[in-house]
C-alpha cells in the first residue's frame, strides 16, 4: 500500500493560448476524438494533430453529445510550438481512411496510427506510419495474426521498443486483449498473456508509457457501462506483468487523456457518467509514479485563488479531447463540453515542486525529465538504405539534456512498501544483473570514483593476456557504469568541440566492439600506461567504438577510464555510431541488455549515450592535420566545426555536424565534386578537388578520417592528402580486412601499423568458419556497408 502521507503538488495552471494560421485550411478548427502527438523534427518542436471529428451530435442515452461520424476526417495539422502557428500537412503515400477514437504513438519521427472508427464502422487494424521527415504515410504490413479492428483503445511505445495495444471496442463488444510488436524485429504482433492482476476489458481509457518502459493504464468504461477508476502498470519484460496501483484515484473517468510531465502522470478531464463531466478538483488528477500516490494538487485558498481555481475547473471540463507534452509543458486541444465542440489549445507548465522526503527504496528521490525534451528525429543509416520498419523509423533522441530513465524506481518499488504487500526488495546494496533469470551482484560503490576507474583499467587493460570472458555478464554494475560516466562527462564538457593536439600521437580508426583487436594493437604497438608509452605519446580515437562487435562495453568503459586517468593524453572524438539512433539498432543496446540485465542494461545504455552527446567532434594536429570521423562533406570550414554547440544531436543539428560524422570521399580520385552517398538521404561524398580546396582554404596539409572499412587497414585519397584508417579486422566477420593505426612522429611523418585477421581454426574450413567476435545474426540481418572500393551485391 502506498504511504499515507501526502504532499503538496500545485496543479499546473492551464491557459488558452493565441494561435496563428495562414489559411482556414491550416486551422484544425473544433475537433473531438482526435490525437495530438509531440515530435521534434526539422529543427522544430511540433504538435501533430490527426483525425477526429469536426462535428458532434446529441446522444439520446446521455445529456452529453457524442462524436458525429459524418464529420470524421483524416486531416493532418502541425502546430509549431515556437511560432504558435498551425499548418495543414498533406502527406503522400498510403493515406489512412478518415477516423476518430483511434490511437497514436511516437517512434522517432514516425507517428504511428492504429484503429479508430469512421462512417462505415471500425477502421482497419493496420498500423499507419506518418514519416515526418519525408511527409509521407507508410502502411506497415506484418505477417501472422494482428490486432482486430477496434476503437477507443490505448496504445503507446513501451521502453522505446514495444508497440503495445490494450482493449477497445470492435463494434460489437469490448475487448480485453493485450498485443505487442517488437520494433527491433521480427515484425509480427504477439498476443500477450501477461501475468499478475490483469485489468478488465474497457474502452475510452488512457495509456501512457513512462521513460523506463512501464506502460500505465488509467480508467475507462467496461462492458456493463461502469466507469472505472483503477490504474495498472504493465512491465514489458520476459514475464509481461500487470501490476495494479493500490492508491485510489480521485475519480473514475473515461474519454479523458493522460500525459507525463516528468515522473508525474497528469490525468485530464473525462466523463464521470453518461450525464456528467468530471469537474471540481478532480478535473486534473496527478499520479506521482515515484511514490504511487495521487498527490494533493490543492493549495491554501484565498478569495482570488478560489475564483481562479473555479475558472480552471471550468476550463478543463471536457471529454474526447487530445493532449501531449513537451518536457515540462502540457498541451490540451479541443474536445466536447456539454453542447460545445471546442477548438482551443491550452498549455500549462508543470510544477517543479519536489517530492516528499525519500523513502528507503528510493534514497536519492530521483526525478525524470523535468524541463528536458524527449524527441526523436530520424537517423541516418550507416549502412545502405533498408526497407524494414526498424531502419526507417529508429531515430536519434534530441533534447536539451538527456533525461535519466534510471532515476525511476521499478513499478513494484513505487507502488508497494513491503514484502507483506507484494514487493520483496533485493538485499541491501545489491542489484539485479546479467540475464533475466535474476542473478544478483553486490554493488561495490564504497570505493571512490577514482578507485573505480583504476579498477576498470586494471581489469581490462591486458594487452598480452585478455581473452573473451566465458561468462557474458559484465563485471561492472549499473551504478558503477553511471559513476564512471558522470566523471568522464565532466571532462568532455570542459573540452572544446575542436581539440588542439600535439604530436607524437597514435590515431585509431573504427573499433566497433572488437576489444580483442584493440588489445592486439596495444600489445603490438604500445599501450597507454606508465609501463607502456603514455608518457611520451598521445592517443586519439576517431569514433565508432560500439556496435556490431561483441565487446562494446569493454571498449567504451576502458576508454572512459583511460580518459579519467590521462585526461591530457587520451583523446576521443565522436563517430556516427555514438548516438542513440544508431547503437539502438546495430548491437550496443542489445549487448547492454544481455550482459547487464534488461532494465539495468537499458539504463546503462542511456547513460553512456548521454556522454556521447558531449564528445568533441574533431581534432587539429599541430594546426596542420584535421582529424574527423567521417569527412568534410560539402567542404565545411574549421570555424564551422568549432562553433558546433554541445551536447550535439546528429540529424537535428547543422549540416556541418552531419557532414563530419557521415560523409565519405568519392570512390577514387577520378570522381570529382559533391555526389550523393548510398548511406542515406542528405549524406554526400566529396571528391579530391573538394579536399584540395578545403585544405587550401583552411591552411591545412592533410585530413585523417575513419568511418569506412578499408581492406589494407588504411587507404590514401586525393594524392595522399586524405587517409582513411580502420582499426577492426575482418569487419563483421566477412571483409577479411586488416586493421591499422597511424603513428605520427614529431617530424609529422605518418607510419601505418597493421594487424591482420586471425586465421580460422585448423579444425574449421574457411567457408564454414564464423568469427564469434562479431554479432553474426545482426550482421546478416543488416549487412554492413561494403569495404571501400567494393560494391554491394
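Each residue, glycine too, has its Cβ placed from N, Cα and C.
The DSSP secondary structure for residue 577 (active site, proton donor) is coil. Here Swiss-Prot flags 577 as active site, proton donor, drawing on similarity to another entry.
Secondary structure at residue 510 (Mn(2+) 1 binding site), taken from DSSP and collapsed to helix, strand or coil, is strand. Taking the Cβ of residue 510 (Mn(2+) 1 binding site) as centre and 10 Å as the limit, one finds 29 other Cβ atoms among all the protein chains shown. The Mn(2+) 1 binding site annotation in Swiss-Prot covers 510, 512, 544.
The Mn(2+) 2 binding site annotation in Swiss-Prot covers 544, 576, 629, 707. For residue 707 (Mn(2+) 2 binding site), the Cβ neighbour count at a 10 Å cut-off comes to 29, with all displayed protein chains included. According to its DSSP assignment, residue 707 (Mn(2+) 2 binding site) is coil.
Under the heading phosphoserine, Swiss-Prot lists 395 (among others).
If you look up Swiss-Prot, you'll see 444 (among others) marked as phosphoserine.
Annotation comment: Swiss-Prot describes 764 (among others) as phosphoserine.
Residues or ranges marked as repeat 'Kelch 1' in Swiss-Prot: 53-109.
Here Swiss-Prot flags 110-160 as repeat 'Kelch 2'.
If you look up Swiss-Prot, you'll see 214-262 marked as repeat 'Kelch 3'.
The annotation repeat 'Kelch 4' is assigned in Swiss-Prot to 264-314.
The repeat 'Kelch 5' annotation in Swiss-Prot covers 329-388.
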To the nearest whole angstrom, what is the C-alpha distance linking residue 629 (Mn(2+) 2 binding site) and residue 544 (Mn(2+) 1 binding site)? 8
Go through 512, 577, 629, our recorded positions, and report the one whose Cβ sees the most other Cβ atoms within 10 Å. 512
List the residues in the vicinity of the Mn(2+) 1 site, defined as same-chain residues other than 510, 512, 544 with C-beta within 8 angstroms of the site's C-beta centre. 509, 511, 513, 543, 545, 546, 547, 548, 575, 577, 706, 726, 727, 728
Provide the three-state DSSP residue tally for the repeat 'Kelch 4' (264-314): helix first, then strand, then coil. 16 helix, 18 strand, 17 coil
Where the distance is taken from Cα to Cα, which of the binding-site residues 510, 512, 544, 707 turns out closest to residue 577 (active site, proton donor)? 544
Write down the Cα-Cα distance for residue 512 (Mn(2+) 1 binding site) and residue 707 (Mn(2+) 2 binding site), rounded and given in Å. 10
For the repeat 'Kelch 3' (214-262), the mean pLDDT of the predicted model: 91
Rounded to the nearest Å - Cα separation of residue 576 (Mn(2+) 2 binding site) and residue 510 (Mn(2+) 1 binding site): 10
